[in-house]
Every structure is written in structure tokens, then in C-alpha cells.
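**Q** Once you've had a glance at the structure underneath, I'll fire off some questions.
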């Protein structure tokens, strides 16, 4: 194989890897993993803050 052909194959492999990794971290409903994690963390923070009077006074919008 020539240098040009090897470079073309390299680019195709990089493109295929990028497409696979980009689509594999998406959830079926369209939300990605970071958005799901944030959705799980938020109620936990609210629950912890609302039980602490000092935090509740600082963040009344959470409780």
C-alpha cells in the first residue's frame, strides 16, 4: 500500500471510532449520561439541604 492509501485508511478508522464513541454514550431517550447523573444528584442535594437549617436559610429556593 502506498502512503496515500494508508493515510486514507487511518482517517477512515479515526472517523469510524469517533462516530461509534459519540453515539454509544447517548441514552435511548436522547439524554446523555451526564444529564442523567445530574438528575439523580439534584434530589439528594435538596433532601440534604432541606434538613439542615443553615443550608435551608441560604437556599430557600431548594426547599
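Here the Cβ of each residue, glycine as well, is placed from N, Cα and C on the backbone.
For reference, Swiss-Prot lists these features for the protein:
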type	residues	note
SIGNAL	1-21	signal peptide
DISULFID	49-55	disulfide bond
DISULFID	50-63	disulfide bond
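Each of the listed features needs to be described in terms of its position in the shown structure.
**A** Sequence-distant neighbours of residue 55 (disulfide bond) (same chain, 6+ residues apart, CB-CB distance under 8 A): 48, 49.
The secondary structure of residue 63 (disulfide bond), as reduced to three states from DSSP, is coil rather than helix or strand.
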